[in-house]
Amino acid sequence: MSNYFDTLNLREQLDQLGRCRFMDREEFSTEADYLKGKRVVIVGCGAQGLNQGLNMRDSGLNVAYALRQAAIDEQRQSFKNASENGFEVASYEKLIPQADLVINLTPDKQHTNVVETVMPLMKEGATLGYSHGFNIVEEGMKIRKDLTVVMVAPKCPGTEVREEYKRGFGVPTLIAVHPENDPKGEGWDIAKAWAAGTGGHRAGCLESSFVAEVKSDLMGEQTILCGMLQAGSIVCYEKMIADGIDASYAGKLLQFGWETVTEALKFGGVTHMMDRLSNPAKIKAFDLSEELKDLMRPLYNKHMDDIISGHFSSTMMADWANDDVNLLGWREETGETAFENYPDSSLEIPEQEYFDNGILMVAMVRAGVELAFEAMTASGIVDESAYYESLHELPLIANTVARKRLYEMNVVISDTAEYGNYLFANVATPLLREKFMPLVDTDVIGRGLGAISNQVDNAKLIEVNETIRNHPVEYIGEELRGYMTDMKTIAVGG
């Protein structure tokens with residue numbers, strides 16, 4: 001197999017990268033009806049598999065789970081997830097031939113083997129579904145020409161897919177149809193019905209492409225979503241400990257601080273997050289973030305270049321073939337970092353203190369969001385995709401750090417995201433440690449600016465505010481958050 005993206009000419013590549021349209025709620029007026037009366041079989045029952053299946057069943061769809069016979073015989077966790085929730089569970093051979101829609105929700109590294117196994121069992125004219133297009137775009141999987149291939153990609157971990165559905169809402173979702181596999185012209189009808197079955201239409205769906213989803217998803221998760229949180233946690237903790245700050249306080253400020261500052265980001269973008277700081281702290285955070293952007297821009301651009309060229313994917317797949325020796329080694333090293341092992345305590349930090357004493361964290365978030373967004377849009381990815389894969393998902397990932405530090409983040413994200421995270425953090429951590437952290441003090445991480453005057457230069461403050469608010473990520477963010485608010489009003493009202 002060869003990388004699908006590389007088989008496209010430049011015009012086709014740019015067209016696929018630039019596919020992203022926010023879909024009107026009226027386009028989902030029939031909700032999941034197109035799939036009602038049809039047989040949906042999900043392969044794999046991890047977080048995405050189970051929670052998408054629960055939502056689809058509650059939306060009136062007929063859902064079953066196909067697992068390997070060994071997983072059934074040994075009653076592995078995937079079998080327990082499905083059977084304990086009352087789903088029919090059976091082997092590939094029993095369920096796949098009956099399926100109208102087969103949804104592959106196994107880990108990325110298993111996709112080739114799974115698809116090569118299930119494809120001969122699928123009936124003529126059936127549909128194969130993905131929630132991440134890596135297998136199609138990066139591995140170049142060729143699908144039988146009579147099969148339709150679609151994607152529904154919720155922009156959050158599987159647990160949130162379920163929780164938002166139970167609240168009567170959903171999560172923003174990218175949907176796509178593989179242009180090489182839509183023989184009956186029904187791909188979009190199937191994708192829309194599947195998305196509606198998960199509740200995604202209530203939060204807003206983006207009409208995208210397999211290429212745009214994969215390239216933007218890889219970039220976001222490697223850099224701002226995971227890599228920057230990991231590198232930032234490690235170097236900020238080291239700084240505070242070296243300067244005499246209590247280990248429990250330093251660890252808690254970081255573990256729960258990322259979640260707190262990005263919660264502000266979720267509601268009002270970078271502008272609102274920065275507005276949570278005092279005026280002197282805002283100017284300080286702005287200056288720090290500008291320095292960080294200058295320092296880290298080459299690294300962000302390298303990751304984007306390696307994703308576009310396919311170098312990242314080929315490197316990771318080589319590690320798959322080598323029994324994940326690099327991935328597992330980096331995972332172990334992360335578990336041994338000082339931040340991961342800081343002592344627990346009953347200490348409580350007031351919400352505003354996370355901002356006041358975490359000025360550098362705010363600066364890192366602003367720098368990381370803007371750098372990731374800029375790298376993506378400069379490569380042909382449109383603003384909407386870049387927003388969802390940078391700013392929008394960051395609070396969701398920060399929440400996993402709050403639960404169980406970096407370990408939880410790396411468990412919840414895919415192996416693909418985890419591998420990319422380590423690639424980024426392994427370079428970003430020493431870069432920050434050597435070139436940036438010696439230039440800052442605990443007034444920006446750990447202790448705060450203290451009892452200083454709030455007086456600032458008015459012209460400087462105006463310049464800072466205008467620069468923050470006029471970044472393209474703020475314009476598209478305000479527009480998309482507005483759509484989501486409107487969608488939620490309609491969903492709740494309905």
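Just so it is clear, glycine is given a Cβ too, placed from its N, Cα and C backbone atoms.
The domain 'KARI N-terminal Rossmann' annotation in Swiss-Prot covers 14-208. Here Swiss-Prot flags C45, G46, A47, Q48, R68, R76, S78, D108, K109, Q110, G158 as NADP(+) binding site. What Swiss-Prot records for H132 is active site. The domain 'KARI C-terminal knotted 1' feature in Swiss-Prot is assigned to 209-344. Residues annotated as Mg(2+) 2 binding site in Swiss-Prot, with sequence analysis given as evidence: D217, E389, E393. Residues or ranges marked as Mg(2+) 1 binding site in Swiss-Prot (evidence: sequence analysis): D217, E221. According to Swiss-Prot, the feature substrate binding site maps to S414.
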Using DSSP reduced to three states, classify the residue listed as 'substrate binding site' as helix, strand or coil.
coil
Of G158, D217, E389, which binding-site residues are close to H132 (active site), meaning a Cα within 10 Å of its Cα?
D217
Out of R68, E221, S414, which of these binding-site residues is nearest E389 (Mg(2+) 2 binding site) by C-alpha distance?
E221
Local backbone state of E393 (Mg(2+) 2 binding site), from DSSP in three classes:
coil
Of the binding-site residues D217, E221, S414, which one sits closest to A47 (NADP(+) binding site) when you measure Cα to Cα?
S414
How does the domain 'KARI C-terminal knotted 1' (209-344) divide up by DSSP, counting helix, then strand, then coil residues?
117 helix, 0 strand, 19 coil
Relative to the Cβ position of S78 (NADP(+) binding site), how many further Cβ atoms are located within 10 Å?
21
Could you check which of the binding-site residues (R68, K109, S414) sits closest to E221 (Mg(2+) 1 binding site), going Cα to Cα?
S414
What whole-number Å value do you get for the CA-CA distance of C45 (NADP(+) binding site) and S414 (substrate binding site)?
14
Name the secondary structure element type, per DSSP in three states, that contains A47 (NADP(+) binding site).
helix
Tally every other Cβ atom lying within 10 Å of the Cβ atom of D217 (Mg(2+) 2 binding site).
26
Additional residues surrounding Mg(2+) 2, by Cβ distance to the D217, E389, E393 centre under 8 Å:
K155, S216, M219, G220, E221, L225, Y388, S390, H392
